[in-house]
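First comes the structure, then the notes that go with it.
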């Protein structure tokens with residue numbers, strides 16, 4: 001009962017964290033609900049970029065691929081390689097999920113550095129990358145948790161839960177807490193890195209507005225891509241782990 005209570009408290013804490021506000025926010029009132037408009041607007045922009053890129057990629061495929069087609073094929077192969085390395089031979093059905101996570105996070109992170117969100121004025125707050133908001137990163141982490149529970153249950157059925165008493169039943173509380181803390185580590189790692197990167201750039205621009213921030217911005221682009229890769233790789237690793245049934 002203590003383990004179950006602790007797990008429920010962890011989930012409740014994660015839900016509360018998803019409501020944390022950093023700075024001012026702009027909301028839409030829809031019925032009896034307040035909708036976080038800043039995150040929705042920037043997320044829609046990112047989704048539009050991804051859908052537009054996908055349309056360009058599949059619009060007119062050539063037998064002899066063009067440079068653009070080569071680029072998109074390379075991205076697909078890269079995502080497939082990451083999925084296969086972490087999940088194993090049954091990686092196929094999970095490539096779309098891992099690819100969606102990677103591309104959404106990658107474009108979101110880069111949008112914070114490349115798109116001039118700040119020039120768009122809002123009644124309250126300001127626009128920023130979707131992954132600059134804890135609500136987005138918690139949602140992505142919870143989706144990952146649902147995915148690896150589904151992967152384990154779909155392959156092993158209720159026998160999936162036997163992993164919690166391996167290699168010894170003494171580790172039951174630790175194994176349960178491990179699964180419930182994975183979303184916390186995923187969400188806070190991504191949120192903290194993106195928020196810190198944008199804050200550093202803003203501070204440097206305010207102090208030395210011309211030359212100094214440029215190298216930091218390039219470093220931010222690099223770390224943003226690395227964070228997207230880390231998130232997608234860990235998500236694939238968790239899914240592969242749940243299907244294999246060992247740690």
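Heads up, the Cβ atoms here are built off N, Cα and C, so glycines get one too.
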Annotated stretch (transmembrane segment, per Swiss-Prot) among the listed ranges 178-198, 199-219: 199-219
Transmembrane segment according to Swiss-Prot, located in which of 71-91, 134-154: 134-154
Range annotated as transmembrane segment - as stated in Swiss-Prot, picked from 11-31, 95-115: 95-115
